[in-house]
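What follows is a set of notes on a single structure, which appears directly below.
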């Protein structure tokens, strides 16, 4: 009986694979000559160049035109929302959005997404869903094949080794560093993404794996769970840049301050960022990175298709290309962009693996082993509660 | 050439500004309208020009050369006006100011000749290229009148033409103006509050303010 | 009635112009305002919120720091406007007319063409604790080997924001004053007052300033409205916890949680209210102030001729102004050619063309898109503005007591509300009518923001024009068209070109309309520049800022040079000599 079920299962899978291969072929045919409006943050010329390269590739390979709209995620979401409000259910202006986290969660909830599609993308099979669970859970929200994994992110600290002899290894060492070097550390004010991530990181470290953080916030004693965090921040802020009275609006601004020498330690969500910034002259070559010994928060960023995309087929072909070993390897090259791959090395063939292994890592990038220590995100509901509480305390 | 106003009266909100009057002047003749300020002297000129504000209304006729002109737009009445301010165009030089009103049918050369002879008549020989801003008040006044005359109006209106000139210049300029009008051989309507500005030969109208 | 018909027939185009303009405005303004007000009271069908409530307002006022944000908005907005006005007047009192003033006049074009955000960034690079001025100090002392822990930029009180805004607005107010100074006959008044034994200060304070203020009142109101609603400069130079209300509204709209859009809409409505009340107070305080002035004048408030401190103060103010601009633009210029530049180096370690090269191959498309949008919207705005103002002349001829000012207030509405709130409703409307994502709609949206500036730049001098010139011209040449083009248009050429240049640069600076109405299908220099500014690479930010400045700079230079050259030999047409 069990054998039979297994057999039927296998048959079904093969049939499904053939069917999906055929489907994919028709998708590719359909996509020919279409234009994809890809809304993606355009603040980094390395990334812009990379997107341009990818656009040129799919033009050659699939005859698809990709137009990079240098937009910020909420604006693209706003566009889709406006189209939904106006009843425009097809022919939308956005074909593909670079997205993750809350924006994804909200689009999913508001029914603004195209539907599951990643299971049909041939390159999806190489994604490391086993060891990179955030490719399946975006800020703990199930991805449900609604968005295609594009790259990995992990919180790392960048520091100037000329100014900091021994970098902190945990939250409390960071506090002592700040207190003995007043004004030389800061973090962006929540709800800026890096700021919220930083306070989640501190909360996770101080909470020492408190299980309450991984369940919805309304099931926990918020005040008790977060008390150590506020105690910590109350001590940290007076020792921060501008005595914690002024915050930066995001990581890009902190990177500038690090170069200026106003701060000695900064944050990044990309382990390669320091190396690639050194390579292009944005940061001095004394910058290095570290993570806390308890590990740091990591996640995945994705591309997704809105419900009313004009050219979903071409968007899928492009999303599939972005997940290809060729595109992922180029993206992971610190000289080009330096964005960790979502693919699993064990699922790749040996020649593709060799390409990845040969990639330059850059002088400031930690090894894979050092980075292996990834912390789980708290349950998504904590984000808003933490932001609100933070604003209540420090926002006025 | 002749100009006539018959049973002419202007009212504002159903109240007449002055008692009705008639005026008939021939070419070369000057009709002088005097009256206290507020009696509507300048309003009469606005009406003859065709720019009477709509809050006023008129009864009576305005006829130029036997033709009723009340229905015509300003540009087609062929009425020239000379204000107390010279209103020379500041962005044009003397020549360009003068050529502005000369009928287009004349050739370039004819226009230049006309201007040059007009200027020398006025004692301003060779002033063609001068910037308006560099001229004296008297020179500007003369050029302004020349400009009006060169546009060959069939009637010329003079609105307090001498009130801004100083005493000495005034007498001199006044007789020059009347001489020019005679030379041009057109009727003229002069509005003034100063009896000294009115030549002997003028047809005089003194407005009687009507009190309702 | 007959007269009316005749006039109406003669001036169909003029008569229609307010209607054309109004309809250009009415649709976006009405849908924009509805799109702001309905969500402010809980109506946002896009997220299935279909019940009117005051919840967004409760959320707004309960939001941490909301009250403090409102206070900061008022302090920085009013502080910056007042400071800008005072310094503008100081420069006029102290230096007009003089050779130095002519120099300042000549430097206005480059100052005006500098993009707001770029100026704020340049100013920051100059005065922040690791900025160029501290680096200069650091060359003298060892103590500054690392950037000092001072607060010189983005202070929590908003002082640096006040300065950044004021510095950006002074050139605009000076520019607006220049266009009307000739009509005030300032030189003659000053000479007359002098001959009566009054000081220059007396003549300015009691005779000229009140008239000047009346002339530049609308531009000043625009400055007030701008300072209260500005987002980009406030994000760069302003306080952060909390920021000003406009920035907060922006943050709410960018909050991934759609519920916050309604809070944002309430915030935008509140900002509109603050704006209207502020302007109303300014307007209503005019009469009492005027009475006070007359009373003091009659009492014989007499300044004896004593030390005239305004002149040295004005010299210091204008030199600092120009100095700060030059230094800011140099910061941007150096960064654009830098390869590496760290504290405490006064100059970049190496210079390179790399950043320019990286941008160069993708600049063409946005460059021409910006250019055409700006030329067309400024031109349309100019034509409509002139038609409306000519229509006013015609109405005034019929009804001498007509208050023209009031009839065009709607034109200014788009300036009083943050764009992000206003544009969402307009965007939905365009999508519903399937007019979205095409060039003409985009042009339309630019016109909505360009026309107010063109109108307020031109209306002052245009209304001051001595209409007797036109009457004289028509009686001379019998041709209304010739009399308009050859006389009125040319005498007003300078303010007309200024208005065009202002409209042009306003269009160049539009970001959100391009994004929202263009649906991302059109990229302009400014969308590219803003995208770059959201990143960290100062070198590329600098290159984009310079690209953004090039077009307005050329247009402003032309607007100042062309009349000067055309009327080179016409003394009365030279700005400063009247």
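The backbone N, Cα and C atoms fix where each Cβ goes, and this holds for glycine too.
As stated in TrEMBL, the feature transmembrane segment covers range C:437-458 out of the listed C:437-458, C:459-480. Of the given residue ranges C:258-284, C:285-311, TrEMBL assigns the label transmembrane segment to C:258-284. Looking up the ranges C:313-338, C:339-364 in TrEMBL, the one annotated as transmembrane segment turns out to be C:313-338. Across C:218-238, C:313-338, C:370-389, C:409-431, the stretch most heavily in contact with the transmembrane segment (C:437-458), judged by Cβ pairs under 8 Å, is C:370-389. Only residues 6 or more beyond the boundaries of the transmembrane segment (C:491-512), in the same chain, are considered here, and those with a CB under 8 A from a CB of the stretch are 112-113, 115-116, 175, 179, 370, 373-375, 377-379, 381-382, 385-386, 419-420, 423, 445-446, 449-451, 453-454, 457-458, 460-462, 465, 469, 524-527, 530, 548, 551-552, 555-556, 558-559, 562-563, 566, 573, 575. Contacts between the transmembrane segment (C:117-138) and the transmembrane segment (C:409-431): absent, as fewer than 3 C-beta pairs lie under 8 angstroms at sequence separation of six or more. Long-range contacts of the transmembrane segment (C:313-338) within the same chain, counting only residues at least 6 positions beyond its ends with a Cβ under 8 Å from a Cβ of the stretch, are 87, 90-95, 100, 104, 107, 110-111, 114, 118-119, 121-123, 125-126, 132, 167, 170-171, 347-353, 355-356, 538-539, 541-543, 545-546. The transmembrane segment (C:258-284) is in contact with the transmembrane segment (C:12-38), judged by 3+ CB-CB distances under 8 Å for residue pairs 6 or more apart in sequence. Sequence-distant contacts of the transmembrane segment (C:158-181) (same chain, six or more residues past either end, CB-CB distance under 8 Å): 72, 75-77, 79-81, 83-85, 87-88, 91-92, 96, 104-105, 108, 111-112, 116, 119-120, 123, 127, 152, 212, 215-216, 219-220, 223, 226-227, 230, 233-234, 236-239, 244, 321, 324-325, 457, 460-461, 464, 494-495, 498, 502, 575-576, 578.
Long-range neighbours of the transmembrane segment (C:218-238) within the same chain, counting only residues 6 or more positions beyond its ends whose Cβ lies under 8 Å from a Cβ of the stretch, are 72-74, 76-78, 80-81, 84-85, 116-117, 119-121, 123-124, 153-154, 158, 160-161, 163-165, 168-169, 172-173, 176, 244, 246-247, 250, 271, 274-275, 278-279, 282, 412, 415-418, 420, 452-453, 456-457, 459-460. Long-range contacts of the transmembrane segment (C:409-431) within the same chain: residues 21-22, 25-29, 31-36, 38, 46, 218, 221-222, 225-226, 229, 231, 246, 249-250, 253, 261, 264-265, 267-269, 271-272, 275-276, 279, 441, 445, 448-449, 451-452, 455-456, 512-513, 516-517, each at least 6 residues beyond the stretch ends and with a Cβ under 8 Å from a Cβ of the stretch. Scored by C-beta pairs under 8 angstroms, the transmembrane segment (C:370-389) has its highest count with C:12-38, from the stretches C:12-38, C:74-96, C:546-567.
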